[in-house]
Amino acid sequence: MKINGTPYRSVWVDENDGWSVHIFDQTRLPFALEVMRLVSQDEVAHAIRTMQVRGAPLIGAVAAYGLALALRTDAQDAALEDNAAMLAATRPTAINLRWAIERMLTHLRPLPPAERAQAAYAEAARICDEDAAQNEAIGRHGLELLRAIADRHGPDRTINILTHCNAGWIATVDWGTALAPIYMAHDAGLKVHVWVDETRPRNQGAALTAWELGSHGVPHTVIADNAGGHLMQHGQVDIVIVGTDRVTRSGDVANKIGTYLKALAAQDNAVPFWVALPSTTIDWTVDDGIKEIPIEERAAGEVTHVAGRDPQGKVTQVQITPDGTNAANPAFDVTPARLVTGLITEKGRCPASQAGLLSLFPELG
Ligand SMILES: CSC[C@H]1O[C@H](OP(=O)(O)O)[C@H](O)[C@@H]1O
């Protein structure tokens, strides 16, 4: 996507040295756009763990480059396996991370060590190109849903979309998943407005989705996470579109904490609830998402403290709970397939079910 007219992806290899890896430090947004230069697998792992880089498809792509960085130093079998395992363990819920590392291992294991680093960079680049293309296709398939709403209500009626967390271009290599249809609708001249869940505790909506949409000129309003149901009850939401970190073969959807509650409110108010994902987010080995998907438990400090900019323009953390108060911080929840209207993938839309997924991806069966 473009920032001030200049096209960017969310991860890229330095064109001067040809090997260091660049990302945006997402913990500095929306107040500063800072590029980080990563030069080792340990720096990549730290960036993923601390959410300087986050978003299911993007952490997979960046971890792939993390393995390439590791192989520059030691390309022997033991180092390959150890660094792959270390990177795959940085965050447990997004399946894209494990998928990317396993794809890299499948590609690299058969090669002589001397060829592995260069081959790793090439495979990581393919993962990035594929993600960008898949998300652009998701945009096209999701745009059809928004066009149908516009056709139903007329071109002068604004389409109100609610989204949770950040599933935009900054959560992927490019385009985003949930936001891709919104960008395309806006660019096609449809009147869209986005209700942006702030998405406590890390505020990916308030800090990242609002920044993305504002940068692209898409009308949007940040709301408290608990406001979405009220807006749906009052006819203020035409459709919900969210991203996901893992979809099971039965269509259960793991996504940022709070997604499940939005799906319940959507069903109660007959609001379509769509989930956008590339096929790299499907975990065919898992059936019951609630029982089988590991939910990341993050530090209590992310709940007891909040980051922001003070009146002097300094970005700082402030405590919002009494000293000594306990906090729990499950970072994801699972929305059962029965609450999902449908899935928007790079190959089209389908019901959130095994049959629906197989209709688009028969090779997974
Ligand atoms: C396009 S996937 C984005 C997905 O990842 C986010 O999680 P996190 O910010 O913790 O990496 C969130 O669940 C988004 O829906």
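Cβ coordinates come from backbone N, Cα and C, glycine included.
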Self-check item: Among Q118, Q134, Q204, Q312 - the residue TrEMBL places in the same substrate site as R54, G55, A56, R91, N255, K256
Solution: Q204
Quiz item: At the Cα level, what's the spacing in Å between R91 (substrate binding site) and D245 (active site, proton donor), rounded?
Solution: 11
Self-check item: Separation of alpha carbons, D245 (active site, proton donor) and G55 (substrate binding site) (Å)
Solution: 8
Self-check item: For R54 (substrate binding site): intrachain residues, at least 6 apart, with Cβ closer than 8 Å
Solution: Q26, I48, A171, Q204
Exercise. Determine, from DSSP, whether Q204 (substrate binding site) sits in helix, strand or coil.
Key: helix
Practice problem: Would you measure the largest Cα separation among R54, G55, A56, R91, Q204, N255, K256 for the substrate site and round it to whole Å? | Solution: 17
